[in-house]
Amino acid sequence: MSFNHKTIEELHDLLVAKEISATELTQKTLEDIKSREEAVGSFITVSEEAALRQAAAIDAKGIDADNLMSGIPLAVKDNISTKGILTTAASKMLYNYEPIFDATSVANAYAKDMIVIGKTNMDEFAMGGSTETSYFKKTKNAWDHTKVPGGSSGGSATAVASGQVRLSLGSDTGGSIRQPAAFNGVVGLKPTYGTVSRYGLIAFGSSLDQIGPFAPTVKENAQLLNVIASSDVKDATSAPVRIADYTSKIGRDIKGMKIALPKEYLGEGIDPEIKETVLAAAKQFEALGATVEEVSLPHSKYGVAVYYIIASSEASSNLQRFDGIRYGFRADDAKNLDEIYVNTRSQGFGDEVKRRIMLGTFSLSSGYYDAYFKKAGQVRTLIIQDFDKVFADYDLILGPTTPTVAFGLDTLNHDPVAMYLADLLTIPVNLAGLPGISIPAGFVDGLPVGLQLIGPKYAEETIYQAAAAFEAVTDYHKQQPIIFGGDK
């Protein structure tokens, strides 16, 4: 019997009643991972021995009835540091890197007696939208194994969608939680910038990166955010705001809530069937008592261009630390220090990572800084101001998460511009540091469609309230891919 169909609260009740032990739950989770892994390829590392040791220790001291997460397995994206467990960022450059410390988000999970079951596959250094740039493998969509799972947190999304684990962590720099959540029909949240500590997250774009949760349902997603959100002196960008319970508004009605629907989010480049799905969702919100009105975010069309200048510039700086000297891959054909640097970085980084390093270095170079990086920062401010104007009158913004459903494997990985445009609807949220969630909202050609809800800073509770209200009157989150299996 698999437990992958049980909610976290149901699993907690079983653990407290001693109908199952943490060890049994961990063993069953490991079985679920193994039985599905060949089909989807969610994991880079499965930490079986460490997980079973931790489960045994939890059983020895007993499940804490007041701690919902006690004994619950957790999958962690492979750019989030885990002490004693390989953390590769899906790169040859870090193929053998074993951190000597835990990321704060992981430490918070351990403090709640969660069990890290393994590290999930991703695009190399989180640069990509399909989980095809990983050095190790290509992850496949849980619903259709000929399609991509999205990225960069593709493995974290498919691990939940395929029933391998109930909960996972990802990171989101330009849509890397929300896009794979949409493509796989699960719930993925990018919190407000600074809500979850970035300490221990392998940096890509430091002004954009944010760790966040994946789960099958809105409430479980909020329950995991309760665990990982915290202020942290180890992260200078950590926010002092801390909500006591992100589930506090779940179950409340949304009568009187004002929701904005940007016309730009339903314009050029958006699949007509995606547009129909979003408009149907808007009607559902109106039926629940909310007001939905069209607004404009005029500068959102510049988001992709702004993002790829800023994110690549930050990446070119952040990735300078990977040089083969102290840890990770080192080229064995180098004869002097210069060759160590050049050969290691040439051989250790994949094509997409090198492309972004070069783009960022160019944008920061003398003579081009003002025209590119400085200008991008100025347009970023205009995008932020657009959001501020809307949130002066509205509680939330509604739109599609992605312009299309999941695309085929090997169809866009040789066309970087087309791949970049897949993040058209998620990128502005990162540029503005806002919270955004993707929830299941329908299907097109048998593939899930994600609905995105965006709030002002620190409005995660309101986002969860609206998302849960929609979830309560729809059944999209209950539909599972064939691979999920298990008792229903």
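In case you wondered, yes, glycine gets a Cβ from its N, Cα and C as well.
Going by Swiss-Prot, these are the annotated features:
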type	residues	note
ACT_SITE	Lys77	active site, charge relay system
ACT_SITE	Ser152	active site, charge relay system
ACT_SITE	Ser176	active site, acyl-ester intermediate
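If you measure from the Cα atom of Ser152 (active site, charge relay system) to that of the residue listed as 'active site, acyl-ester intermediate', you get 5 Å. Around the residue listed as 'active site, acyl-ester intermediate', the C-beta neighbours below 8 angstroms that are at least 6 residues distant in the chain are Asp123, Ala126, Gly129, Gly151, Ser152, Ser153, Gly170. Annotation for Lys77 (active site, charge relay system): spatial neighbours Lys119, Thr120, Met122, Ser153, Gly155, Ser156, Ser168, Leu169, Gly170, Ser171, criterion Cβ-Cβ under 8 Å with sequence separation of six or more. Annotation note: Lys77 (active site, charge relay system) sits in a strand segment as assigned by DSSP.
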